[in-house]
Amino acid sequence: MKKGIAASKGYAIGKVFLKEDKEIKITDKKVENVQEEQARFKKALDASESQLKKIKEKAQREVGADKAAVFDSHIMLLGDPEFAGTVENEIENNSINAEKALSDVVKTYAATFAAMEDEYLRERGADIKDVGHRILANLTGNISSLDDVDKDTVIVANDLTPSDTAQLDKNKVIAFLTNIGGRTSHSAIMSRTLEIPAVVGMKDITSCVKNGDTIIVDGIEGTAIVNPDESTIVEYEKKKEKYEEEKEQLKKLINVETVTKDGKRVLVAGNIGKPQDVDQVVANGGDAIGLFRTEFLYMDRDDMPSEEEQFESYKTVLQKMEGKPVVIRTLDIGGDKKLSYLPLPEEMNPFLGYRAIRLCLDRPDIFKVQLRALLRASIYGNLKIMFPMISSLEEFLQAKDVINECKTELKKEGKEYSDDIETGIMVEIPAAAVNSEELAKHVDFFSIGTNDLIQYTLAADRMNEKVSYLYNPLHPAVLGLIKLTIASAHKAGKWCGMCGEMAGDEKAIPILVEYGLDEFSMSASSMLKAKQLIMQK
Ligand code: PEP
Ligand code: MG
């Protein structure tokens, strides 16, 4: 069994088609007739353009206009006079062949993208390489196609480019596996849109299989089994059948309002880490964003995101949700989440240390940048601000003071913000749950963070597999705190959500409905199943 990153859910059992990346050898040649070489390049450009236009039309039909839009940028690059001009100049100035000139220019372009801070833009470096590879293939007569594969094919490749994935025929290709890539790589995004199971980042899967091997793909666990025995095949056939039946059934729920058997309307919401994640929440009929973990905006970079950058991200999320509630949590850094550019003192117990709201209240220079961005974005939708790791009323009141300071500043600067922003807290420290009756009088809402609440209540580190047997969401002490928190909110006329993993836990859902939880927030792919369970209760 081989393991990788689960990119798209589902099961598949099929035959391997190994997509070998034909390394096109680039010969470095001096040419005498420069015009002839430039004309060869131009011909390859034109051929690439007409191929891509066809691929784009196919993608539009199969995955929709927004996903097919990726090819617009490819087609645009082909028509970009600067790009073509740079290659033509290279040919002329150095009297070199088109292949060498093209590969040099593509390398420079790709390196520029690779150095960009934004993860999305960095990934676009792959687009440039993809286009470059196509032109090169046309120059050298090496155009390959994934069009003519057999039925029940599992594509195994080092990586799949956007044009590869767009060519996949869903009636024949039932899954794919790649050596490289992460959840935000294009191939992963496409696999989810095409709704075919996929596992990416498998490191060396291409060297573990050969054409025609039987292979099982488990897009839920992120695994693949090469040449399984008969009983394993039977086992996975059953899993597949069950999964698909259920998925079909669940789709009917996308536009259904979630109402419990007792007639109570509850919200099924999504947890996100990046603005792009909203799309999946919307596609699964999400009623709200219940948790935006904003610390992800601060990670994988070399400096703090500016007010402007944050404003754009929050605005995007609010606009995409079109007036539905969006709970944005302020920076929850520290504990297991570190920033390379913000050195923090080594601590004996980081999870009990200088983190989240504690750090933010101590560093108004950091906190205020985020709050100003949030306030400015608030006019674009239904924003609710949530503070993490609150253990006492004082912390909440102090945090609200900082919001008020920011409002005063913005007003002076003539910048707009909404007057109607709810502020609430994560209930993830047992003290907050025990004291929830008092807290509920001051906040607009609670969201129970069970990931931390469980670890603090049971003194069982959420990251340590040695004590994971103690980490039990259904422990009576945990359930008691949850029940109390929900009841306290309701007593004060406030609403209570849950954004820890427990909100999507199939065993816990009926109990949470019983307790009167108002909003269940979880990863987009768990939402429909949760909806079904909530409605059964
Ligand atoms: C939680 O603690 O339950 C939670 C949702 O926050 P995080 O997992 O980001 O700590
Ligand atoms: Mg937490």
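Heads up, the Cβ atoms here are built off N, Cα and C, so glycines get one too.
Contacts of CYS499 (active site, proton donor) defined by a Cβ separation under 8 A and a same-chain sequence distance of 6+ are given as ALA269, ASN271, GLY290, LEU291, VAL327, MET426, SER447, ILE448, GLY449, SER521, MET522, in order along the sequence. The active site, proton donor annotation in TrEMBL covers CYS499.
Per TrEMBL, the feature phosphoenolpyruvate binding site maps to ARG293, ARG329, ASN451, ASP452, ARG462. If you draw a 10 Å sphere around the CB of ASN451 (phosphoenolpyruvate binding site), it holds 16 other CB atoms from the protein chains shown.
Marked as Mg(2+) binding site by TrEMBL: GLU428, ASP452. Sequence-distant neighbours of ASP452 (phosphoenolpyruvate binding site): residues of the same chain at least 6 apart with a C-beta under 8 Å from its C-beta are PHE351, MET389, MET426, GLU428, ILE429, ARG462, GLY500.
Taking Cβ pairs closer than 8 Å, the coiled coil (31-62) reaches residues 68, 70-72, 74-75, 78-79, 84, 87-88, 91-92, 95-98, 101-102, 131, 134-136, 138-139, 143, 163, 166-167, 170, 194 in its own chain, all 6 or more past its ends. TrEMBL lists 31-62 (among others) with the feature coiled coil.
According to TrEMBL, the coiled coil annotation covers 233-260 (among others). On the 0 to 100 pLDDT scale, the coiled coil (233-260) averages 94 in this prediction.
Residues or ranges marked as domain 'Phosphotransferase system enzyme I N-terminal' in TrEMBL: 3-124.
Feature annotation from TrEMBL assigns domain 'PEP-utilising enzyme mobile' to 150-222.
Here TrEMBL flags 247-536 as domain 'PEP-utilising enzyme C-terminal'.
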From the binding-site residues listed here (ARG293, ARG329, ARG462), select those whose CB sits under 6 A from an atom of ligand 1. ARG293
Out of ARG329, GLU428, ASN451, ASP452, ARG462, which binding-site residues lie by ligand 2, with a C-beta less than 6 Å from some atom of it? GLU428, ASN451, ASP452
At a 10 A cut-off on CB-CB distances, which of the binding-site residues ARG293, ARG329, ARG462 has the highest count? ARG329
What's the number of neighbouring CB atoms sitting within 10 A of the CB on GLU428 (Mg(2+) binding site)? 26
Checked against DSSP, the composition of the domain 'PEP-utilising enzyme mobile' (150-222) is 18 helix, 19 strand, 36 coil
